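Engineer: This is the structure I want to talk about, given as structure tokens.
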Amino acid sequence: MKGVQFLVAFVLLALASKLVSASDPSPLQDFCVAINETKDGVFVNGKFCKDPKFATAEDFFLPGLNIPGNTSNQVGSMVTPANVQQIPGLNTLGISLVRIDYAPYGGLNPPHTHPRATEILVVVEGTLSVGFVTSNTDNRLFTKVLYPGDVFVFPEGMIHFQFNIGSTNAVAFAALSSQNPGVITIANAVFGSDPAINPDVLAKAFQLDQNIHTFRACTSIMMKRLQLFIAAFVILAFSSLLASASDPSPLQDFCVAINDTKNGVFVNGKFCKDAKLANAEDFFYSGLSIPRNTSNPVGSTVTPVNVAQIPGLNTLGISLVRIDYAPYGGLNPPHTHPRATEILVVLEGTLYVGFVTSNSDNRLITKVLNPGDVFVFPIGLIHFQFNIGNTKAVAFAGLSSQNPGVITIANAVFGSDPPINPDVLTKAFQLDNNIVTYLQSKFWWDNN
């Protein structure tokens, strides 16, 4: 018991030490692959880091998110994480991913919070009733029924849930704005703590009959299960980095962006709706189940769900995209996100993906991905995805900014307006001037 008490105290100390910071520290290198072996490692941001020269594609890769999780448990759901514990290359990059499976007729991801992350969730199969509750004193419930392709946002720290109201299995993917978001399941934490919270405290807090023996019985039942939870949570708390990614930390539950400045509050470059007037629609987007048209020169279409589509994402540090690729060579061409790391999961097809490290190594780190595989593209690095299969491909990706930005390399270099001086490009790319002129005319017309 003393050991468990120490663990609880250690959790609180670890969390307290982390909560003084509002965001993940900005990495000073392309990536920092976490390692347990400290020999030849570099200590950065709470983790020992592998020498970047020894990093490989495996450090940014995780297979298996196409495998259904076992939902034969009390709550009828299973969360399969893809965070820094599973993908060491996520260290310092401020984002992670989960797959959530729900049993038919009431599979529940019970009320919980993520102390270090906003969550953006997309439904792939089934019908979910979801919601979150704002903080005191309003305690407003924002709730919505979601169908395949629908997206919903749960702001950082808010109590939220998902409940399968359909007669079939449900599946969702969610991105979270931390490499290690943490989870606090409300019922387990309150009624299953070890040592148990004084029953008098719980009886008064929940205004229940003071049957102390009943409370003790409830806490005893959950104590063993919580010991495992606490042990895992200690590890999470110790290795965690607070994550609202590179976006500012919000000072309220949310800040819904509005164009009309009347009665608005100016925060982080956006005017915000009066919180009392916010509703579930501000955190909702529909349509990500619809295949996109890939009959364009590159054979791909990116469908964004960022602050422009979901105003409730304002200040919350995360967004989502769906990417469709045509068969036989559909390409999401080399590009960068200046404000976000990307974590991508393949739903259909076979993709050849990669990113290039910064000067002077310029190493190409590549991997072939199949359905259920996950890959990470660190913030600011040039990366791409290429469909090498004979069928269409589909992927979802979370990005660690409400508005990550995108710079498509060919378009930016050869299609800028006004154009870059051709002499500059001729020398930079060591091309004939006629080729540069041709490329500039082509990409300028494509962009305009």
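Going from the start of the chain as shown, residues are counted 1 onward.
Keep in mind that glycine also has a Cβ here, set from the backbone N, Cα and C atoms.
A TrEMBL annotation is a machine prediction, not a hand-curated record.
Annotation comment: TrEMBL describes 1-22 as signal peptide. Annotated domain 'Cupin type-1' per TrEMBL: 63-214, 286-437, in sequence order. Positions annotated as disulfide bond by TrEMBL: CYS255-CYS272. According to TrEMBL, the oxalate binding site annotation covers ASN332, HIS337, GLU342. If you look up TrEMBL, you'll see HIS335, HIS337, GLU342, HIS383 marked as Mn(2+) binding site.
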Engineer: Quick one: of HIS335, HIS337, HIS383, which of the binding-site residues has the smallest count of other CB atoms within 10 A?
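Structural biologist: Sparsest of the binding-site residues HIS335, HIS337, HIS383 by Cβ contacts within 10 Å: HIS335.
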Engineer: Near ASN332 (oxalate binding site), which residues of its chain come within a Cβ-Cβ distance under 8 Å, counting only those 6 or more away in sequence?
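Structural biologist: Non-local contacts for ASN332 (oxalate binding site): VAL298, SER300, VAL302, ILE323, TYR325, PHE384, GLN385, PHE386.
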Engineer: For the domain 'Cupin type-1' (286-437), what's the mean pLDDT in this predicted model?
Structural biologist: 93
Engineer: If I take the alpha carbons of HIS337 (oxalate binding site) and CYS272 (disulfide bond), what is the distance between them in whole Å?
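Structural biologist: About 25 Å separates the two Cα atoms.
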Engineer: Counting other Cβ atoms within 10 Å of each residue's Cβ, which of the recorded positions CYS272, GLU342 comes out lowest?
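Structural biologist: If we count Cβ atoms within 10 Å for the recorded positions CYS272, GLU342, the smallest count is at CYS272.
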Engineer: Write down the Cα-Cα distance for GLU342 (oxalate binding site) and HIS335 (Mn(2+) binding site), rounded and given in Å.
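Structural biologist: Checking the Cα atoms of HIS335 (Mn(2+) binding site) and GLU342 (oxalate binding site) gives a distance of 12 Å.
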Engineer: Can you list the residues of the same chain, besides HIS335, HIS337, GLU342, HIS383, whose Cβ falls within 8 Å of the Mn(2+) site's Cβ centroid?
Structural biologist: THR336, ALA340, PHE355, PHE377, LEU381, ILE382, PRO404, VAL406
Engineer: Could you state the CA-to-CA distance between GLU342 (oxalate binding site) and HIS383 (Mn(2+) binding site) to the nearest Å?
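Structural biologist: Distance (Cα to Cα, whole Å): 10 Å.
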Engineer: Whose Cβ lies within 8 Å of the mean position of the Cβ atoms of ASN332, HIS337, GLU342, the oxalate site, other than those residues?
Structural biologist: VAL321, HIS335, THR336, ALA340, LEU344, PHE377, HIS383, ALA397, LEU399, PRO404, VAL406
